[in-house]
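Q: Got a structure for you, questions after.
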Amino acid sequence: MNATTINSLFLIGALLVGASILVSSLSSRLGIPILVIILAVGMTAGVDGGGIIFDNYPTAYLVGNLALAVILLDGGLRTRVASFRVALWPALSLATVGVLITTGLTGMAAAWLFDLNLIQGLLIGAIVGSTDAAAVFSLLGGKGLNERVTASLEIESGSNDPMAVFLTVTLIDMLASGHTGLHWSLLTDLIREFGIGAVIGLGGGWLMLQLVNRIHLATGLYPILVVAGGLVVFALTNALHGSGFLAVYLCGLVIGNRPVRSRHGILHMLDGMAWLAQIGMFLVLGLLVTPHDLLPIALPALGLALWMILFARPLSVLVGLAPFKAFHGREKAFISWVGLRGAVPIILAVFPLMAGLPNAQLYFNLAFFIVLISLLVQGTSLPWVAKWLKVTVPPEPAPISRAALEVHVTSEWELFVYRLGAEKWCIGAALRELKMPEGTRIAALFRGQQLLHPSGSTVLEADDLLCVIGHEHNLPALGKLFSQAPERGLDLRFFGDFVLEGDAQLGAVSALYGLKLDGQDADMPLGAFIAQKVGGAPVVGDQVEWNNTIWTVAVMDGNKIGKVGVRFPEGSRPGPGLFL
């Protein structure tokens, strides 16, 4: 490879990445997922478009694995362990039982549609059997979904790859060797993959956390160290025949949920690296496909994609979530619809090509077609379906910007900046009149371009910029004080006519509003009663019916319900009483 060739590669690569970023700005206008646009850029530049011929499957496999490792590390860093209280076991059920059911149903349909034997059909099912972390993390961000749905989908996508990889490799071995029998040793192999991945992931995350917090480096080196450590965990786990995808996700989870030096710098850089990984991966996968090869299989492939979306995935979700009573029917329906396929199926489809199996090109083209349909149909309709199924909650007010204050190694202090909207009640109030959350301080006040020195007598005006020092857990209380809040009508439509304190006694509420206790303990707090009715760990937006009245979880205080919205039947709305 001479200098001219290398220069041409740099030029073409930079132009493709730049074009992907620029064209992605059309995503929100067209309502098309960014990942589809990036895939389209790669396909347009490929053999049937710009004429770039790329058929190096090992390179695509390398790029895909590297990109997925970075994306999963970033996803783990941003996942809160608190979300595990509502979604860990349901997500693991979807990641194991759900993948098995999807693989079986999709495989049988594929065998019938494409005149393959059962093992070949099941291989197709295994290749497309898992949801994709890159697609899920990318498309769920900022959609305002309730915590149970979001956490279930994110944890599932971060943990279901081991099952899909295991099934794919096992079925490839069967086809290559001609042995089609199943042995109990396969189950032990699967448990080993999960076990090695979990142990190395958790252990590697803890070691990286200690290393980052104990050594002194230039600020910009900490994110690189975390990425390098994540890749070591990924590669070492794979070398020991464990699940590298699970390991790197858990590694990020450990680091992201403990005090860590340069936390915001790490997250900021990982965000950019994860985007670059997604762009590079989907560009390469777009270049790898030959669009005209998809046309002969388009109709049966479309039928298989619709079978998986409309039957296999919903049935796997119904079975996988059957033991978990907290999930409402509309939540199960939404989780069924968001069985997003992305890069993982295409990367798994490279395995048969590298193994030299018959029909390997068919497997690859099918996987690509199904991913394209999944992103176009499910990804594009996701916001509409979320609103239709009522799994969204009113957005929490947030600061316009936030920055870390590195006052010591594991400092969790942050600086939050709020712009005061004209409708906020605090406009015209003196600072001494504000009920600030404990442990927070107002650091500065900007009016126009002027920096003011705030004092207790300073009166707030519309469009003031207020800088507040606090912790992440102070954000809900600060948001109510200073942020541009959603319209009150939105809260009333969602939470009900009034909002009641969660520690109000059930007997007092029943007596004041003429409700029947039906044998319930009168001294039980309303929040505990609603949690009992939910049947699992409650989240904001959970609704139950009691005494012909709709009760909605409005605020969570840790693991307890802090406030409950209540909607009375039409024409029977009482006065506010205990309601706040």
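Each Cβ is built from the backbone N, Cα and C atoms, and glycine gets one as well.
Dumping what Swiss-Prot says about this protein:
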| type | residues | note |
| --- | --- | --- |
| DOMAIN | 402-484 | domain 'RCK C-terminal' |
| TRANSMEM | 6-26 | transmembrane segment |
| TRANSMEM | 34-54 | transmembrane segment |
| TRANSMEM | 57-77 | transmembrane segment |
| TRANSMEM | 94-114 | transmembrane segment |
| TRANSMEM | 121-141 | transmembrane segment |
| TRANSMEM | 162-182 | transmembrane segment |
| TRANSMEM | 193-213 | transmembrane segment |
| TRANSMEM | 240-260 | transmembrane segment |
| TRANSMEM | 269-289 | transmembrane segment |
| TRANSMEM | 292-312 | transmembrane segment |
| TRANSMEM | 334-354 | transmembrane segment |
| TRANSMEM | 366-386 | transmembrane segment |
Q: When you check the transmembrane segment (292-312) against the transmembrane segment (57-77), do you get at least 3 Cβ pairs under 8 Å, counting only pairs 6 or more apart in sequence?
A: no
Q: Excluding the flanking five residues on each side, which residues at least 6 beyond the ends of the transmembrane segment (334-354) place their CB within less than 8 Å of a CB in that stretch?
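A: The answer is 35, 57-58, 60-61, 64-65, 67-68, 94, 102, 123, 126-136, 139-140, 145, 149, 152-153, 157, 161, 164-165, 168-169, 172, 281-282, 285, 288, 308-309, 313-314, 317-318, 321, 327, 360-361, 363-364, 366-368, 370-371, 374-375, 378-379, 381-382, 385-386, 389, 391.
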Q: Same-chain Cβ contacts of the transmembrane segment (269-289) under 8 Å, 6 or more residues past its ends?
A: 16-17, 20-21, 35, 38-46, 52, 54-55, 57, 59-60, 63-64, 66-68, 70-71, 73-75, 77, 134, 137-138, 220, 223-224, 226-227, 343, 346-347, 364-365, 368
Q: Are the transmembrane segment (240-260) and the transmembrane segment (6-26) close, by which I mean at least 3 Cβ pairs under 8 Å that are 6+ residues apart in sequence?
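A: Not in contact, no.
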Q: Determine whether the transmembrane segment (366-386) and the transmembrane segment (6-26) share at least three Cβ pairs under 8 Å, counting only pairs 6 or more apart in sequence.
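A: Answer no, regions not in contact.
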